[in-house]
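According to TrEMBL, the feature domain 'Epoxide hydrolase N-terminal' maps to 50-161. Annotated active site, nucleophile per TrEMBL: ASP227, in sequence order. TrEMBL lists TYR370 with the feature active site, proton donor. The active site, proton acceptor feature in TrEMBL is assigned to HIS427.
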Amino acid sequence: MGFQKYTLAVIVLAPIIAYLGIKFHETNETPKLELEYWGPGEEKIDDKTIKPFKISFQSSELKELKEKLDKPRSFTPPLEGIGFEYGINTDYLKDILQFWRTKYNWTERETYLNSFPQFTTQIGGLNIHFLHAKVDPVKSKGKQVLPLIVLHGWPGAVREFYNLIPLLTTPQPDSNFVFEVVIPSLPGHTFSQGASKPGLAPAKIAVLFNELMSRLGHDKYYVHGGDWGSVIGNNMAILNPDKVLGYHSTFCLASNFQSRIRTLVAYLFPRFFVDESLQEQYVKQFANFYLLEGGYLHIQSTKPDTIGVAMNDSPTGLAAYILEKFSTWTNKNWRSLPNGGLDNLNKVELIDHIMLYWLTKSITTSMRIYKENFSGEYMSLGIEKNINTVPSACAWFKNELLYFPKFVLKAAYKNLVQISHFPKGGHFSAYEEPELVADDIWKFVKTLNTAKSAN
């Protein structure tokens, strides 16, 4: 009966898929996107100066935060026997707020967060913040320095990559190259200015970041991204295939028409298109994400400013929202634990993320990227119809939110050089497992260099 069912499904679906594939075929006509003005008021000429930046906040801002943390309202107690299934467990929230109030030292953290050189420059009317970690000229003597732009997502920040940076900028004895790393804050996220005008969607951000790399003197460069950083990085590769030497991602999405059809086919017939060890995960992941974890996606894609008011006014509310994402996105099985599994992560580092969003008052502007991405105007550009043609690598971590098999990815990435699978790690892999991410980036670029030398 099972074989008959599959046979019947193939007979029914095959002509439909063939027809749709012809009707909605992908295009190689890359859209031409120019640098636009996103700042307030009428367009002004950008100040292209690269200015040193240092994280620093007024004592009055820290005093206000302390006052708010010292006077929280009483929490609704969690249901009996419930962990994070209904959202953050308020018993855990009380504990981490107490730690934040009494043991978290912002002065020490500020010094640490300033440990890498940081800068700002104006692009498209926005002040864009970025870390710029160069290599030691003595240690890198005789090695080729390769520029690499590293892109975060939401609710992440450049903070995610502090442990990754030295793993990329420190020369390896068996490599003839080393990385110079540029890590921008996405517009509207922490220290990068948010847009004053609607429409700053991922591909438009890709234009800004290509300009950033050009301004730093890098006409050709590599890209790594996760979460929104993967979307923006993929757009950079699509829009600038002559400049992006390679695209590496820990969250390779496949959203053009052909890949969506293949996603459906693989879902219906996983045993034919998905590795046996990953079949159950692949089939269950869509219901798990969209039904159990996707509520935030709809809110932020429709009314980000409304939920933003609540979080921008309350550090407790902001902490609850961000921490819950770090819990279930790191490992969905932590959802059943009273502490959400967050005791497995460093409390100080988690609070670093919350502090950066709180002190910069940027949670609302950071969430607008969801709204812009799903706007009708942006979707009409047809970015998703394009296939990434640059050499690409996809690194999959065991607890990632969504996973796509090679069968699906090949429809979205024409030159898929490398696919890696790791037995641990989740959505914030560069933060959770920086060594694994760094090793995979090194491996990818070594492969490209070897192929280039052979030719």
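Backbone N, Cα and C atoms are what each Cβ position is placed from, and that goes for glycine too.
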Three-state secondary structure of the residue listed as 'active site, proton donor' from DSSP? helix
To the nearest whole angstrom, state the Cα distance for the pair ASP227 (active site, nucleophile) and HIS427 (active site, proton acceptor). 8
How big is the Cα-to-Cα gap, in Å, between TYR370 (active site, proton donor) and HIS427 (active site, proton acceptor)? 17
Return the average pLDDT for the domain 'Epoxide hydrolase N-terminal' (50-161) as a whole number. 97
Near the residue listed as 'active site, proton donor', how many other Cβ atoms are within 10 Å of its Cβ? 20
How many other Cβ atoms sit within 10 Å of the Cβ of ASP227 (active site, nucleophile)? 25
Taking DSSP helix as H, G and I and strand as E and B, the domain 'Epoxide hydrolase N-terminal' (50-161) has 37 helix, 25 strand, 50 coil
What same-chain residues, at least 6 away in sequence, bring their CB to under 8 Å of the CB of the residue listed as 'active site, proton acceptor'? GLY226, ASP227, PHE251, TRP329, THR330, PHE397, ASN399, GLU400, LEU401
